[in-house]
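Student: Dumping what TrEMBL says about this protein:
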| type | residues | note |
| --- | --- | --- |
| DOMAIN | 1-108 | domain 'C2' |
Amino acid sequence: MSFSGIQGHLLQVTVVGCTNLKNTEWISRQDPYVCLEYGSTQHRTSTCTDGGKMPIFQEKFTFSLIERLREINVVVWNSNTVTYDDFIGTGKVQLQRVLSYGYDDNPWPLQTKTGRYAGEARLIMRYEKAQNPVIPFAPSAPPYATSPYQFPPYSTLPQSYPTPSPYPAYPSYPSSMYPPPSTYPPPPAYPPPPLPSAYPPASPYYPPGPGFYPPPPH
């Protein structure tokens with residue numbers, strides 16, 4: 001994709017920070033800073049003291065675009081007070097996406113002098129005269145950035161309400177509308193029936209003894 005007529009237009013670049021930088025210190029935490037080079041224009045961020053492998057800068061710079069130059073050089077250094085600064089890594093930022101859509105927030109890989117992975121640099125670039133501008137709703141946040149929206153946790157669980165019954169409720173009436181309960185006297189106590197004898201009573205009639213029968217006929 002070719003971009004013509006960009007000479008002198010302004011490109012806004014925000015250096016957000018770096019992630020997973022190569023560590024150049026043995027004992028203390030390193031103090032990184034970032035340099036941007038575009039044509040003859042150079043910008044340098046402030047030093048992130050004790051930034052270590054995850055420095056944050058949030059510094060904004062402006063470049064005047066050059067017609068046939070489509071990349072920005074990024075160089076990350078470790079600041080030293082006694083010796084020379086230590087080289088951490090370098091990378092190239094391509095401008096095709098931001099020139100086409102007006103916005104780019106992708107991270108860019110960094111390499112050592114031998115071509116090994118040295119971390120990533122996070123930039124946010126904006127170009128107001130893009131051919132197909134898009135409005136970013138929310139740029140993808142780096143892993144070290146905190147969300148600007150903080151919601152307090154619930155101290156108590158939300159109150160739950162009972163589910164209404166599907167049946168209609170019956171009206172309640174005052175107790176005066178109901179007759180009082182009847183107060184009848186208890187039934188009389190009857191004597192218990194006599195228990196039956198275990199043996200039947202002896203009969204007063206016994207068969208006659210011998211001698212009471214007539215003699216047999218001869």
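Each residue, glycine too, has its Cβ placed from N, Cα and C.
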Student: DSSP says what for the domain 'C2' (1-108): how many helix, strand, coil residues?
Tutor: 6 helix, 51 strand, 51 coil
Student: Over the span of the domain 'C2' (1-108), how high is the average pLDDT in this prediction?
Tutor: 94
